[in-house]
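S.K.: This is the structure I want to talk about, given as structure tokens.
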Amino acid sequence: MAFELPKLPYAFDALEPHIDKETMEIHHDKHHNTYVTKLNAVVEGTDLEAKSIEEIVANLDSVPSDIQTAVRNNGGGHLNHSLFWELLTPNSEEKGEVVEKIKEQWGSLDEFKKEFADKAAARFGSGWAWLVVNNGQLEIVTTPNQDNPLTEGKTPILGLDVWEHAYYLKYQNKRPDYISAFWNVVNWEKVDELYNAAK
């Protein structure tokens, strides 16, 4: 069965002024859609068609070598963005078990946000910043390009796209401003749900 572009769970302009409508439209309808189209083209006729995107990305080593890079890039792009849309909301509320766990590990939510923001800003070139569950503990990691922590056996529960296409129309070269705005639209309810499923 072909992979599909998921519908956004909110309107394109719902995250204004933090993430602008035009960026959301291009990011979802063009960038994410291209990953889906290319992924479907590369897995067509292989046994990967029957697998979930999570299963494929978690087991990249078992993907045939001639298509592994294309699957890594486009499969990762599809998985990362599918998760990213769900992790955003116009109604951000900092609550849940995961927030308490963050405070326990980092001392405060602000300390966590600072470390996450620093790592996201320091990610050279294109990539992602993640909060993952690793052996029952929370950890902040970054990945290059469209790599996903699942490939390393870590479960992502919060992710931030730091590719320029995610912010350049509004923030230009000011990635730290985009990262700062991100906290206003984090769907902590979804983060908490993913945390409880992964711990």
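Each Cβ is built from the backbone N, Cα and C atoms, and glycine gets one as well.
Residues or ranges marked as Mn(2+) binding site in Swiss-Prot: H27, H81, D161, H165. Taken from Swiss-Prot, the feature Fe(3+) binding site covers H27, H81, D161, H165, and the record attributes it to similarity to another entry.
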S.K.: Starting from the Cβ of H81 (Mn(2+) binding site), draw a 10 Å sphere and report how many other Cβ atoms land inside it.
M.R.: 23
S.K.: Through the lens of DSSP with three states only, how would you label D161 (Mn(2+) binding site)?
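M.R.: Note: D161 (Mn(2+) binding site) is in a strand by DSSP.
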S.K.: Which one, from the binding-site residues H27, H165, has the smallest tally of other C-beta atoms lying within 10 Å of its C-beta?
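M.R.: Each of the binding-site residues H27, H165 was scored by Cβ atoms within 10 Å; lowest is H165.
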S.K.: Which are the residues of the chain, H27, H81, D161, H165 excluded, whose CB is within 8 A of where the CB atoms of the Mn(2+) site average out, their centroid?
M.R.: H28, H31, H32, F84, W163, A166
S.K.: Report the same-chain neighbours of D161 (Mn(2+) binding site): residues 6+ apart in sequence with Cβ closer than 8 Å to its Cβ, ordered by sequence.
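M.R.: Result: H27, N80, H81, F84, W128.
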S.K.: Should H27 (Mn(2+) binding site) be counted as helix, strand, or coil on the basis of DSSP?
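M.R.: DSSP assigns H27 (Mn(2+) binding site) to helix.
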